[in-house]
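Student: Mind looking over this structure? Questions follow.
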Amino acid sequence: MRNGTIRYPGSDAAPGPDEMSAILRRCGIRLAPARIGQLWTYHQLLREFNPELNLTRIHNFANMVLKLYVDSLLPMNLVELPSPLMDLGTGPGMPGIPIKIAMPELEIVLAESRQKRAAFLKMAVERLKLEKVEVVGKSVGSSFEVPVKGVITRAVESVGATLERIAGCLDRDGLAIFMKGPQCDAEIGEALKRFRGEYRLWRDIHYTIPHTRNERRLVVFQRLGPPTRIRKETAMKRHGFRKIESENNDLYRDIRKLLTSRGIRKQQRALVSGSKQVHETLRDFPDDCLAWIAPGQEMPPPEGAPGHMSWYQMAPALFETLDVFGTRTPLLLIKVGEIETWDPVEGFPAGCSVLVPFQDPENVGAVIRSAAAFGAVQVILLRESAHPFHPKALRASGGAVLRMKLRNGPPLENLPENLPILPLSAEGRDITRHVFPAAFGLLPGLEGPGLPDNWRRKSFAIPICKDVESLNAATAAAIALYAWSRSGSQTKHSPAPA
């Protein structure tokens, strides 16, 4: 090797199988002469069809051996490759064909959606006389259900996108093997967060292609749960399921009404959205879960979901209407119990009770989340308030709506002035200098108009820069709750995670 370039015997002449074998051996890869012959035939096919099909941009012989064949074969020295193994987005057949040549006992699935390349793969498999090789000439998505024990890919698609793509085919305990460059920490982190509980990071191996400066990283995820096809079969036996394909379906119409406070009040049901909140609700409140709502049948309920829960398989367009936040993940239909009424005559228990007049459901959810985070004893929803189980409120609360003690209160105008209530208004006194009572109500103002004059006169404020007129009402309430929680006068109440 000189100046990073491998020199092989007879390099002034046209290279042949012996020169290919020499480079492979120097990289720690030893193949029998018959295997070298197959790899040489494959190399010749690449060279022959490359002008027509643009199979590779690498043309120098030594670089082709190093960056294509050695790169394809090194993973078999780093991890035990499972069988059947699918090469996803294989292009001209890498790493799948070199791996198959080196490990003839392995069953290989070559997946390539581009038809001309798929045709090349079929021809190459025939010319090389490779057995137990299947060419899949279409795009692989979550509905692809041919079972495999492993998936390997050199494609540039993100780890998370690929894990979603192979949901239907990779078996439980199967390996998803990613041949990456060195800078892939962000996509690994995103995938671990997104697929928590479904996959674990099994191996993360940094290496370099021998005799080059090309850094590589073999990132291997192991599947913890069953593939979609098994989950579907199990879920269909465990859960009653209904297909809903028309917007005129009565059940769909009822569910669509849950996008409004009125519908929630009337039906005493609500929709939970977002993968994290949905799975936490399933885990913590299984008895309240009524139905799993998903687009079609490709996202079945998870293992361990309560058996009484139904599975509604929505037509994609109908699901999109319900998925108001565009999560593209299943929704959860839950029952909402009666919210107990608070009578001002009973006053406030020890600690802070948050009085909520907000008409914006996002503000309602945000203040409930803050109340839970800072240990408020209860949230009293005044008559003006939006419903706490409105989809926007549920989402903004981070699930705190399900955990916080909620009460229904009177209209703002009917609040007795003799109660120990701390109103919040921009013109009030500095609340950070106030000594909080042992039991009191915190009253932020309505969005826009704020508080009535009788409450403004005795109000407290969050000190802010003079250049800023005011804070968002839910933000002001959160800061006031923080000030109370740090004041030393807080009656300890178990706060929920923020």
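The backbone N, Cα and C atoms fix where each Cβ goes, and this holds for glycine too.
According to Swiss-Prot, the region 'Methyltransferase G' annotation covers 1-230. The S-adenosyl-L-methionine binding site annotation in Swiss-Prot covers Gly89, Met94, Arg154 and is backed by similarity to another entry. If you look up Swiss-Prot, you'll see 231-498 marked as region 'Methyltransferase TrmH family'.
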Student: If the S-adenosyl-L-methionine binders are Gly89, Met94, Arg154 per the record, what's the largest distance between their Cα atoms, in Å?
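Tutor: Binding-site diameter by Cα atoms for S-adenosyl-L-methionine: 9 Å.
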Student: Within 8 Å of the Cβ centre of Gly89, Met94, Arg154, which other residues of the chain have their Cβ, at the recorded S-adenosyl-L-methionine site?
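Tutor: Once Gly89, Met94, Arg154 are set aside, the remaining close residues are Asp87, Leu88, Thr90, Gly91, Pro95, Gly96, Thr153, Ala155, Met179.
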Student: Can you work out the mean pLDDT of the predicted model over the region 'Methyltransferase TrmH family' (231-498)?
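Tutor: Looking only at the region 'Methyltransferase TrmH family' (231-498), pLDDT averages out to 91.
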Student: So for Met94 (S-adenosyl-L-methionine binding site), how many other CB atoms are inside 10 Å of its CB?
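Tutor: Result for Met94 (S-adenosyl-L-methionine binding site): 23 neighbouring Cβ atoms inside 10 Å.
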